[in-house]
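Peer 1: First the structure, then my questions, so here it is.
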Amino acid sequence: MSLGLYVHRASPVHATPAGAKMLGLLGAAIALLLFSSPPVLATALATTLGLYALARLGPRELAFVLPLSAWVLLPLFLLQGVLSGWDTATRAVLRLAVLVLLAMLVSLTTRASDQLDTLQRALRPLARFGVSPARLGLLLALTLRFIPLVATWVHEVREAQRARGLEHHPLAVLVPLLVKTLRTADALAEAIDARGFDAEEPP
Amino acid sequence: MKTRDLVHVALFAALVAALGLLPPLALPVIPVPITAQTLGVMLAGSTLGARKAGLSLLLFHLLVAAGLPLLSGGHGGLAVYPGPTGGFFVGFIPAAFVIGWLTERAWHRLSVPLAFAINVLGGIGVIYAVGIPWLAASAGLPLPKAAWGSLLFLPGDCVKAAFAASTAVTLKRAWPLIQPRRAAEPPAPRP
């Protein structure tokens, strides 16, 4: 299973540091929320598509965004057109489309690990409130490891209950799944402690 | 926070993610399919308590923001947040915290109806309270119209709250984790 949306290309957009891209996205989101006149939106859309060209990403990479547009933006456009006029509808949906495209550009051109590193660095000032970088790192690593594992357990428990004819009984699936999760947590915590990890480290 | 608590936080973040990868549970009785992700939020809250559940969902959001497609339907990345449904996802964090907080307070007299009320308040009330204004602002919709549109999800969410409540009460007997805030009091008289 490959997690993450990153698509590798050699381009200046890919080379821009993750932090700069994420801050730029935040800035663009705020700016578009404040000013959304048609000329601004048109310029923003053109700039965004230009950035896609600069990053050498084509329609094929964008195919991932299409379901979102089809399922969310289209009904929204129709609903809003009927409720509050087609002019407002076009403006609102265009603004959303620009923002979603920009955010998707950040995800497509930045490795998840780089974004996580940036977020960890941004959260470093939280150390004085007891969020230590080492613990955050352990949490992120554990979670990434656990996602496929828990997905396997869900499958196993459902198979086991199917054999008993209980697969449509959600409680028969959820309770064993949670007990299995919690039991593993205990064993794992003991193993981590046995290797000398100090969870209570001072900030 | 002990190592065991850290592992709980990580495991429940993974559980919410894994439930998003699942195909929706089809139920024989109700036509609305149950996507399991908000169920994960409710389970985290009523299993872990306020602090750990809130942290767990925060961690889940860090991974989504970093570009992992962990939200149901394979969505992820920063594109989720400016989108119209972004507020519903952000609402996961306070929802898990509120469910946890209320469950801790009600721990000694936790029954299925009470747990159901807690999960409705946190898993529906809080998530909608964040999601609906976000939807209205992001899509330029008037607030009442955004609220009416969200009612479509209410039946499925109520079913999830019911499952989460029964699971929480069963788990309280099988594997209690929450430390009650107050000293143990005599069990409430049965009605």
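Placed from the backbone N, Cα and C atoms, the Cβ positions cover glycine too.
Among the features that TrEMBL reports, transmembrane segment is placed at B:55-72, B:78-102, B:114-136, B:148-171.
Describe the structural context of these features.
Peer 2: Sequence-distant contacts of the transmembrane segment (B:78-102), counting only residues of its own chain at least 6 positions beyond either end whose CB sits under 8 Å from a CB of the stretch, comprise 16, 37-38, 41-42, 44-46, 48-54, 56-58, 60-61, 64-65, 67, 71, 118-119, 121-123, 126-135, 138-139, 178.
Residues 27, 30, 32-36, 38-39, 42-43, 46-47, 103, 110-113, 115-116, 118-120, 123-124, 128, 131-132, 135, 141 of the same chain, all 6+ positions outside the transmembrane segment (B:148-171), place their C-beta atoms under 8 angstroms from a C-beta of that stretch.
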